Structures are given as structure tokens and as C-alpha cells.
Amino acid sequence: MTKRVLVKFSGEALAGKEGYGIDTKILKFIASEIKALVDAGMEVAIVVGGGNIIRGVSAAADGIIKRTSGDYMGMLATVINGVAIQEALEHIGLEARLQSAIDMHEIGEAFIIRRARRHLEKGRVVIFAGGTGNPYFTTDTAATLRASEIEAELLIKATKVDGVYDKDPNKFDDAVKLDTLTYEQALTKDIKVMDDTSIALARENSLPIVVCNMFEEGNLLAIMKGDMSLCSIVK
């Protein structure tokens, strides 16, 4: 059974049906899914996006806001989401620590890898916010980077679909689920698992990536116990 895992949630997933902001019902659901992992003896880290609040690329689309500033705005959005997830985890009795790549001492700790590992060893959930701390990098890349740094055995990308498909299953009825694919296939066949930087970094560090449906209760724990029928895996 996998011991240490990093779970990546998109910011959009927190928004629920409204499409923006934070749905506390989804926060509660995420917290309960993470608690199941912790209760099973696993060490859990989280990275969350910020798309429910603002996306850097979109903010900079018309040229008024520079891309670098737009990306920093997106990083701040991930901190907001990180605080929300921390509150939800603590509400159900878990210990959680927020570490930000952008210093915000009043809100969370600075990102320090040794401290993050120590938190995990003590059974605390660590939420990594602020992306990588640099513009032009996605939160998917941040998730792969942090997972590599904490020496996670698995990176789970929790999405709205149950895996990776050869084309968009929401648009094409004949879309085929790909249960297993290599890093090279993900890169060369333009299959949208994560961006190329994320995939390349995962390949370099031999970090398996699992893509699954975050809205199915019990999915995360079942996958961590070895049920790969619920997901797609890139390795």
C-alpha cells in the first residue's frame, strides 16, 4: 500500500455548480476523503489550483495586466483556496499546515522542505499553496515539483472524470479510456493529462501520476489501496 501521496485538486472543482468562489459542501467532501487516507495511516500532501477565483493567463489575455502579474494573482488565489482547505480539514479533526511559496507569515508557513517532511511524518496534512512561487508555471507543475521534493510515491490528479481518454469524453461518445500510458505517450500524443513540463518532471523523477474522479466517494482510498480500475495511471 502506498504510504506518502500528494493529491492535486483544481481550483474549479472547489467552485461547484456556481463556477466560481468556494462551495463549502465540496470542501467538506474533500476533507472527508483526505481523512480516510490519514486514518488509514497514509501521509498526505495537497496542492490546489486557483481557477475558481482567477486564472493568470485569462487575466492577462487583453494585455492590460502583464502575464507575470496575472500569474502572481493566480498564486494568491491558490493561497485563498489553501486556507479554505486547511479550515475544512481542521474542522473534522485533522492537523493541517499551510505552506506557501510566497511568504505570508500571518497566514501560513514559508515553504521549507524539511519542515514539510516532518509535518507529514507526524501525521499532519500539508497544503502547498502559491504554486511554484514563479510565473509561467502551472499548479500542475507545482504539484509534480512538490511531490518530487517530499518523495511522494504517487501523485493523484483529482478531476471531474475517471481517467485519461484519447479525446474529450464530454464531447465524444466514442472516447476511449486509457488505463495505462507511458510518460512518452502523454508527451508525444498530446494527451491532456498535465502540461508537458509536469509530465517531463514526473518522468525525470519516476513519479507515477494517477488521474481519477474526485467526486466519487471512497475513490482516493481505494486507489491508494491498489484498485487501479478507478483511474488511469501514467508511469
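Glycine is treated like the rest: Cβ placed from N, Cα and C.
The ATP binding site annotation in Swiss-Prot covers LYS8, PHE9, SER10, GLY11, GLY51, ARG55, THR159, TYR165, ASP168, and the record cites sequence analysis as its basis. Summarising the annotation, Swiss-Prot assigns region 'Involved in allosteric activation by GTP' to 16-21 and lists sequence analysis as the type of evidence. Summarising the annotation, Swiss-Prot assigns UMP binding site to GLY50, ASP71, THR132, GLY133, ASN134, PRO135, TYR136, PHE137, THR138, THR139.
Packing against the region 'Involved in allosteric activation by GTP' (16-21) from elsewhere in the chain are residues 52-53: each is 6 or more residues past its ends and has a CB under 8 Å from a CB in it. Per-residue pLDDT, averaged along the region 'Involved in allosteric activation by GTP' (16-21), amounts to 84 for this model. TYR136 (UMP binding site) sits 22 Å from THR159 (ATP binding site), taking the C-alpha atoms as the reference points.
The UMP site, placed at the center of the C-beta atoms of GLY50, ASP71, THR132, GLY133, ASN134, PRO135, TYR136, PHE137, THR138, THR139, has further neighbours from the same chain whose C-beta lies within 8 angstroms: GLY56, GLY74, MET75, GLY131, THR141, ALA142.
Ranking the binding-site residues GLY50, GLY51 by other CB atoms within 10 A of the CB puts GLY51 at the bottom. ASP168 (ATP binding site) sits 28 Å from THR132 (UMP binding site), taking the CA atoms of both as reference points. Among the binding-site residues GLY50, THR132, ASN134, THR138, the ones whose Cα sits within 10 Å of the Cα of SER10 (ATP binding site) are GLY50.
Note: ASN134 (UMP binding site) has no non-local neighbours, i.e. no same-chain residues 6+ apart with C-beta under 8 A of its own C-beta.
When Cβ atoms from all protein chains are considered, those within 10 Å of ASP168 (ATP binding site) total 10, not counting its own.
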